[in-house]
Amino acid sequence: MAKAARRTKSAPARRSPRRHARQTGATIRRPKRPIKSNETIALPKWLGFLSHPLLKQMAKRLLLILVIVGFLAGLWAARWPQLLATKTGEYLGRQGFSVRHVEIVGLHHMDRQAIYDIASTQQNLAMPLVDLNAIRDRLLRFGWIEDARVSRRWPDTLVVDIVERNPAAVWQYHGHLRLVDNNGIIISDVDPHASPDLPLVIGAGANLHLEDLGHLLEAAPSLKPMIDAASWIGNRRWDLHFASGETLSLPEGNEAEAALVRFSHINREHHLLERGYVKFDMRVPGAPITARISPEPVKKATKPAKAADPLVSDRI
């Protein structure tokens, strides 16, 4: 009896899934096996023709053609705004909106014909097609022109507004005379026989120190009208050349201003200039002035001759 009870309490016998499926009518699905990397997937039979070598070659060519067509379409899409602008400009030009006049403003020293020659390259061109920046870039190549603005005045006029550089000095270097502005920028060459009434600066880099020279001369206003030229020596100090023929050698740096003021006071009391001296040496701050007397009477130099005066040489 106990044996039978134990038999009834035991777990039911495990049935096979396949047998259970046959009894219940269910369908058993096999688990999918993962595809290995070195295996290939077979195409369906109706797509088998794609594996033909000729079709593969045609597919490659078709892909190449599509890439080229796409590239050309991109180029066309990038150019069409420019083409549209060009066609619009040409249409406006046919309606009378083309360059027929050039107006120049702000020109005082430079030759006007040079400006006209540049602007005339746009003559009869449709106004919208005029390249204003190209005209401005060509104008800025001239030494006289510091800035330029080119604009359209409808219907048919180009306006060129010029800002000229102000000449500040004549720079002598290696025997050549050049007109420069206060920043040392070369404006134009200078005819030695028609030199303008401007200060003469001599030597390498002298054109780049005009502002410092101006401050130096302002310290001795009584001497400033008497000074004809200034030589920049060794890229560190000035020699001042007086119209009466003397040369004053100044020390370097900030000591130059004090030395020039001192010389101005001594000259006011003792009249050092136009007394036959050739050179005054004040290169040593605080030391007595060393003066050299000319063996011959000093001749006052004229403006064109000072560039060739051996006392005013740029070979330093």
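Backbone N, Cα and C define each Cβ position, glycine as well.
Checked against Swiss-Prot, the range among 163-184, 295-316 recorded as region 'Disordered' is 295-316. Counted with DSSP, the domain 'POTRA' (97-165) comes out as 22 helix, 24 strand, 23 coil.
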